[in-house]
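The feature topological domain 'Cytoplasmic' is assigned by Swiss-Prot to 1-35, with sequence analysis given as support. Annotated phosphoserine per Swiss-Prot: Ser2, in sequence order, evidence recorded as similarity to another entry. Sequence annotations record features per position, and here Swiss-Prot assigns N6-myristoyl lysine to Lys20 based on similarity to another entry. Taken from Swiss-Prot, the feature transmembrane segment applies to 36-56. What Swiss-Prot records for 57-233 is topological domain 'Extracellular'. Marked as O-linked glycosylation site by Swiss-Prot: Ser80. Marked as domain 'THD' by Swiss-Prot on the basis of sequence analysis: 88-233. Swiss-Prot lists Cys145-Cys177 with the feature disulfide bond.
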Amino acid sequence: MSTESMIRDVELAEEALPRKTAGPQGSRRCWFLSLFSFLLVAGATTLFCLLHFGVIGPQREEFPKDPSLISPLAQAVRSSSRTPSDKPVAHVVANPQAEGQLQWLNRRANALLANGVELTDNQLVVPSEGLYLIYSQVLFKGQGCPSNHVLLTHTISRIAVSYQTKVNLLSAIKSPCQRETPEGAEAKPWYEPIYLGGVFQLEKGDRLSAEINLPDYLDFAESGQVYFGIIAL
């Protein structure tokens, strides 16, 4: 073998050496890329499944453990939702046959007195101390507007056992007529609802009343339009 042939063989071997050594490195790099892609897809699939089935999700609101950080009304509502339905409750409706007055009845459909509440002298008597939701609605109806201004009032009052004085808890005034119906013009009907509601601390034996000033304008055409009630919280 000549010297030139030996030199040519060495050069060919040197050129072939990088290609041979690059082969395993390229294979290893491809293997790592495949593994990374597989783990990425598997992780995304697992996360989707956990979100879909509710295993993980947005953090739920938690009530503070310290009772002093919760408002009294919130504590009462939470306590009410956890206890049996033995709390005082009342829902009375207006008597459509009582002319010229607003008379409450409990012996009617969708009316009730439960767990100690009494209806005496057209007033609801509170059976126990605590927070109560008090509410009432009336619906007035008229035809046309007279010359004198029509003012409709609706008031919920309390007579407490501690001081025996009538005090207004909730009150509202509305005027359905802005101007008098012109002479000869058609007297169009009008409707005016008034709703009152609020939460109050009451004592055992307190009496509550819901009154209006113009009972002749009350609308009894449909049931469920005029009512009065309390719910212990």
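Just so it is clear, glycine is given a Cβ too, placed from its N, Cα and C backbone atoms.
With DSSP states grouped into helix (H, G, I), strand (E, B) and coil, the domain 'THD' (88-233) comes out at 3 helix, 75 strand, 68 coil. For the domain 'THD' (88-233), the predicted model reports an average pLDDT of 92.
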